[in-house]
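Taking it in order: structure first as structure tokens, then the write-up.
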Ligand SMILES: Nc1ncnc2c1ncn2[C@@H]1O[C@H](COP(=O)(O)OP(=O)(O)OP(=O)(O)O)[C@@H](O)[C@H]1O
């Protein structure tokens with residue numbers, strides 16, 4: 001319940017901050033709508049009991065006539081207010097997600113919260129409106145209670161008491177939904193994931209070739225059936241709660257009518273009170289719905305707020321980057337999304353090292369890295385080699401700071417990297433990971449992502465030099481799903497490399513940078529790396545022997561330890577060594 005109050009408070013604060021005029025207009029309209037049923041009761045009584053026919057008749061015409069247009073206008077205003085709130089929440093969430101550092105992204109809880117927050121923005125945007133509706137419906141009941149109490153006190157109180165079963169039922173339903181919906185969402189996500197595997201080009205083709213797509217279709221069916229079972233149970237229970245509440249409500253309204261008759265109300269008073277109690281039923285249902293949806297949304301809203309307050313603790317963000325008149329290129333931002341971190345890329349770094357580093361993944365019994373020492377200096381090309389699972393990617397993640405060593409130090413220019421912020425540390429690196437991004441934006445935007453700030457078209461062009469995209473217009477849309485150019489796996493990897501080139505940080509870390517690239521292009525990429533290596537540190541993970549010949553030093557990692565180091569010639573000359581056994585056949 002405390003969560004519900006917090007959700008109401010936070011969302012009203014948001015509405016006051018983001019859309020004060022729409023909130024004020026909506027509140028006034030809802031207040032008017034709350035008063036009208038009470039006024040109706042008073043006017044009906046006057047119409048029947050007083051000798052003055054015209055004034056109550058005129059009043060009733062105004063009250064009844066204005067109800068429908070006021071409701072319509074109020075709905076429209078409420079929707080526009082909620083639309084603005086939804087936009088603000090989604091923009092805030094995207095900004096928060098953009099601030100997440102690699103180490104945050106490595107926390108499963110943060111990723112779970114981000115996913116849950118995404119689905120929360122829709123119901124959350126409605127909470128401010130629902131709060132106003134709740135107050136309005138409650139005010140309707142109070143006004144009716146007062147109007148009917150003037151005729152018969154017990155009837156008035158019974159009308160007000162009729163709020164209780166409905167609100168109680170919707171609270172119970174909402175509590176049940178708060179646990180049920182996440183389970184439905186989990187099954188739905190699994191079903192959506194499995195469906196994606198069937199329809200996306202690469203896994204879909206693989207499954208079609210294997211002829212085993214029907215097994216994945218079976219997984220879809222299982223997940224959907226599980227979701228339906230949970231939904232079924234929820235609906236059944238909700239109907240039972242609603243029926244129970246409706247029964248008690250009818251008894252209370254019946255009691256109100258009996259109290260009217262037994263209290264001696266007759267004629268105009270009785271007719272007015274009956275009309276009032278009927279209108280009251282509607283108000284009470286609205287109250288229940290509004291209250292229920294606030295209680296349901298509250299846990300999601302709490303996750304959203306937790307996520308946003310966490311990301312606000314991340315480093316500050318400066319003004320958005322925009323395309324300037326001079327033609328600098330970057331993602332165009334129209335609605336206040338923060339885009340450019342203050343950090344500038346560090347271009348000159350003299351040395352980087354893992355100094356006796358040990359690391360164990362949470363929950364893993366044995367350390368993945370044990371006492372690893374690796375060093376690279378400016379101008380050097382250094383390689384990490386080893387079998388799958390040896391610990392090369394772990395070593396890289398420790399270098400860039402997305403993992404923190406359990407023992408030992410990471411040194412950048414001789415300084416313990418733990419002493420600088422993650423933001424500052426990341427500014428030293430250009431990292432090409434194995435699962436590089438396939439950003440289906442325009443060619444310009446996909447490459448400009450390499451640098452945090454605004455990027456000129458000529459820089460994008462320079463980064464693309466020598467690739468398949470060198471002569472493509474920068475406005476070319478990438479990705480067939482958007483009606484754009486289809487790009488092969490190797491071409492995507494060239495674009496990822498172009499981002500690293502554009503970034504031009506002091507340390508380049510390339511985890512299998514040519515895994516998807518043809519032999520000819522691979523040769524030209526490695527010769528260029530050698531040719532341009534003087535001004536930076538280059539660390540490469542590679543499984544191909546010939547790419548290692550040019551390296552200044554090779555570290556052979558095996559079961560989390562560096563078991564050999566040296567040049568290609570030194571290492572291959574030791575036939576019993578791990579390196580020679582790994583690469584002799586190549
Ligand atoms: N997030 C993780 N949680 C737990 N264990 C992990 C995690 N990531 C990797 N490991 C384990 O750590 C070990 C080293 O993995 P790592 O990815 O560093 O190997 P690698 O040498 O880069 O392998 P590859 O050549 O296949 O990329 C493996 O045994 C792997 O199972």
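Keep in mind that glycine also has a Cβ here, set from the backbone N, Cα and C atoms.
Annotated range for transmembrane segment in TrEMBL, selecting from 193-215, 216-238, 239-261, 262-284: 239-261.
TrEMBL assigns the feature transmembrane segment to residues 157-173, out of the candidate ranges 4-20, 89-105, 106-122, 157-173.
Against the transmembrane segment (157-173), stretch 239-261 has more CB pairs under 8 A than any other of 21-44, 56-77, 132-151, 239-261.
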